[in-house]
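Colleague: Starting off with a structure, shown below.
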Amino acid sequence: MASKVEQEIRDLREKIRYHEYRYYVLDDPEISDAEFDELIQRLIDLEEKHPGLVTPDSPTQRVGGEPLDKFDKVEHRVPMLSLGNAFNEGDLTNFARRIYRLLDTGKIDFVVEHKIDGLSAILTYQGGRLIRGATRGNGVVGEDVTANIKTIPSVPLRLKKDVDIEVRGEVYIKKDDFSKLNERRLKKGEEPFANPRNAAAGSIRQLDPRLAAARPLSFIAYDVVAYEGEGLQTHVGALELLRELGFKVNWYRKCDDITEVVNICKDWVDKREELPFEIDGMVIKVNELGLREQLGATAKSPRWAIAYKFPAQQKTTVVKDIIISVGRTGALTPTAVLEPVEVDGSTVSRATLHNEDEIRRKDVRIGDHVLVQKAGDVIPEVVKVIKSKRDGSEQIFHMPETCPACGGEVVREEGEAVLRCVNVTGCPAQRREGILHFVSRNAMNIDGVGPALIDQLLEKGLIEDYADLYYLKKEDLIPLERMGEKSATNAIEAIRASKDRPLFRVIFALGIRHVGLGVARVLTEKYRSLSDLMRASGEELVAIDEIGPTIARSIIEFFKEPHNREVINKLKEAGVRLEEKENGKEEQNLYLSGKTFVFTGKLDGFTRSEARDKVIAAGGKVTSSVSRKTDYVVVGDSPGSKYDKARELGVTILDEDKFKEVLKAGDNNG
């Protein structure tokens, strides 16, 4: 028989679980925050006095444990495949036709759900207790993030029934919570998150669960992967089971035919603003689980489900000013300064205008009312001017005749749309951007050396170029703002560790125009040291696959410049490794090896050459035409005939978000 204390602890846990469910799942609390806090504090007091009565599923155990060194890998019981994409009504109709053809049946019910813009997670319960939470990873292997999953209040630590079940769902942050989170970060002088999805993904992958607990994460369940109970017959049945077990469940609607599905998808394009969280589309699934088994899956996606992607959201605002930034290669890029406006979950106050030709083509003027849109994490762009709102006060913008950073000459090279500052070695903006590029993740990956520190180092004359970083001492950094001894020590250690980066990363870090990470990797297959590459002739370079005359000329000109040779010599003297290791075993993460990509349409987050470069850097191949041998067709805005060809041949189609997921999965598993 339980003692009085044991019984009180049990009662408290039941009460707390009930009120957590009312508050975090039903959004319908029955008691005040103060009353809830009293219950929690009473339970904490009792468990501290009686530690032998603490159980893993107690509400007090949501946050605990020491920070991890790394996340363990988890192999999923059932692979978590990506969904195919539908971009319009025709794609949805074709999806339904394929299913009817494969099943040869009269009636099929579909279920339509919100596609929440967050991070997928897989939760495993045994006997009703949460034993593991994992990320999707690459779909086959994810990461064990149980300690962080437990901190999410809407994740039940104990289900309402003692069942064995594996659940899939989405970790996300509500719009209001995201705004408050960014306000707190700004007050602390921290960089705000770009959007709720980034914030959720970054939070769930914190090695210290206390940091995850401080973020306002939520969880919605949307599927049952495995269930050791009475057989489920339908997806709707699975969702209702999840609701009965205590989960917050995704909104859904059962539809009798694809016409109803299409209408619901169209309705939510506008209605999504009403939701408290971000969605970037709808998911359509066959309802009957038996039919799903018959349909099966390809190697990449299930045949019984598809994601309908919303078009990029557009909002109206005003151009307050047009400013010019100077990049590391001297390009002068115009940016519109906007009246702040909410677009796709984040406040937009700037938008790229790309170049002078784009400004002229769209006739963008200071004072104009414009439509802006953003997709993913990239800087938004001005789509078009609303000329009907002009009142005559708008000002025509003219590109500067000299560099705004150094006053140097600017030129527009033949065949290019951008103006460039030709003061390569003397322009402070190019110097700063070059150093930022050098320390970036894909280059030398020097953690803790970011824009704020680099600005101080330049301002105080402690560095003039990226090679000078290797001559810094801890004593140089300690007096700087927001540093201190620990931060200074960490920065110096990170700089020292970067001396042994693979040669292809060093070549990329140098900032040679037109030489991305993929081209850098290709170069190291032929040239085993930087000195070998510096001696290469133009004829040798153009003979290499992926290297054309433009890239070859850029490489030759870079190494001809005395200043660049001087900086490289400083790198060598500082002990930076400028050759491949003798055993030839360099850092390799060729996760796209053997995969062929084709691109069509305009991408928002990459130029075509940047996207191509990322594929090549990961061992993949990019071709210009679609065939049965093509693995992926990446589709941007206004795709051409390649998109139709891919659909005809059944080639996997990736929108830009899915393409980013492919790249990110490779990064996470490299």
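Cβ atoms here come from the backbone N, Cα and C positions, even for glycine.
Below are the features I grabbed from Swiss-Prot:
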| type | residues | note |
| --- | --- | --- |
| BINDING | Asp33, Ala34, Glu35, Phe36, Asp37, Ser82, Leu83, Glu113, Arg136, Glu170, Lys285, Lys309 | NAD(+) binding site |
| ACT_SITE | Lys115 | active site, N6-AMP-lysine intermediate |
| BINDING | Cys403, Cys406, Cys421, Cys427 | Zn(2+) binding site |
| DOMAIN | 587-670 | domain 'BRCT' |
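Quick one: how deep are these features, and who are their neighbours?
Modeller: The Cβ of Leu83 (NAD(+) binding site) has 19 other Cβ atoms within 10 Å, all protein chains considered.
Within 10 Å of the C-beta atom of Lys115 (active site, N6-AMP-lysine intermediate) sit 23 other C-beta atoms, taking all shown protein chains into account. DSSP assigns Lys115 (active site, N6-AMP-lysine intermediate) to a strand segment in the three-state reduction.
Cys427 (Zn(2+) binding site) falls outside any helix or strand according to DSSP and counts as coil.
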Colleague: Which residue, out of the binding-site residues Cys403, Cys406, Cys421, Cys427, shows the minimum number of other Cβ atoms inside 10 Å of its Cβ in this structure?
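Modeller: So among Cys403, Cys406, Cys421, Cys427, the binding-site residues given, the one with the fewest Cβ atoms within 10 Å is Cys406.
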Colleague: Please report the Cα separation of Leu83 (NAD(+) binding site) and Cys421 (Zn(2+) binding site) in Å, rounded to an integer.
Modeller: 45
Colleague: If you draw a 10 Å sphere on the Cβ of Asp37 (NAD(+) binding site), how many other Cβ atoms land inside?
Modeller: 11
Colleague: DSSP on the domain 'BRCT' (587-670): how many residues come out helix, how many strand, how many coil?
Modeller: 32 helix, 16 strand, 36 coil
Colleague: Work out how many Å separate Lys115 (active site, N6-AMP-lysine intermediate) and Lys285 (NAD(+) binding site) at their Cα atoms, rounded off.
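Modeller: Lys115 (active site, N6-AMP-lysine intermediate) and Lys285 (NAD(+) binding site) have their Cα atoms 12 Å apart.
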